[in-house]
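Below: one structure, written as structure tokens.
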Amino acid sequence: MIAIIDYGMGNIRSVEQALKYIGAEYIVTSDKKEILRSDGVILPGVGAFPKAMDVLEERDLVCVLKEVCDIGKPLLGICLGMQLLFERSEELKDCSGLGLLPGEIRKLKVSYKIPHMGWNELRKEREFPLWNGLVDGSFVYYVHSYYADCPDEIVCGVSDYGMQVPGFVAKGNVFGAQFHPEKSGEIGMQILKNFQGVVEAWKSSQLSI
């Protein structure tokens, strides 16, 4: 069972429809017990970083997400949800994030139109489970004005938009997609299937303990 965290700032409907399409078991929730009972977690997000962190704090979800990370449960952040996984952001004001991934969220420094919106090529930087079954150079759908300034060793895929934009990041059981898999057609569905596979593998490992 995958928990989609509903904190009032996510693209919940499209993520829900995508999981339904691939046949994944899921629940949309902000309940701490349900999140911790799940086998994997998706943190979606649309909007401003400081507001999102305020809402997560108000709903006591920051400690839950950190516990999810600590116990090794697979966690996937999408768009703003990915950005929240990092240590801090400069959006609107200096603001602390969840601190589950090293790095900071910064404004895109490009001469191109901001937000970066539309389809872009995703190039492989290193292997990780969410690349399974994907062709290097597949096109995915972006909508964002900020990017993750983070260590190279956690960057698994990049896109060019006047600069290299980390599209895929990962460290241990924590995964992030700056683009929207749920809006990226069959490529996106494969990515979500791959995450579903990671979740099932983690669930099986817990049953054998």
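Glycine is treated like the rest: Cβ placed from N, Cα and C.
According to Swiss-Prot:
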- 1-205: domain 'Glutamine amidotransferase type-1' (DOMAIN)
- Cys79: active site, nucleophile (ACT_SITE)
- His180: active site (ACT_SITE)
- Glu182: active site (ACT_SITE)
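Around the Cβ of His180 (active site), 21 further Cβ atoms fall within 10 Å across all displayed protein chains.
In the predicted model, residues of the domain 'Glutamine amidotransferase type-1' (1-205) average a pLDDT of 96. For Glu182 (active site), the same-chain residues 6+ apart in sequence whose C-beta sits under 8 angstroms from its C-beta are Asn11, Ser14, Val15, Gln17, Ala18, Ile78, Gly188, Leu192.
Contacts of Cys79 (active site, nucleophile) defined by a Cβ separation under 8 A and a same-chain sequence distance of 6+ are given as Asn11, Pro44, Gly45, Val46, Val143, His144, Ala177, Gln178, Phe179, His180, in order along the sequence.
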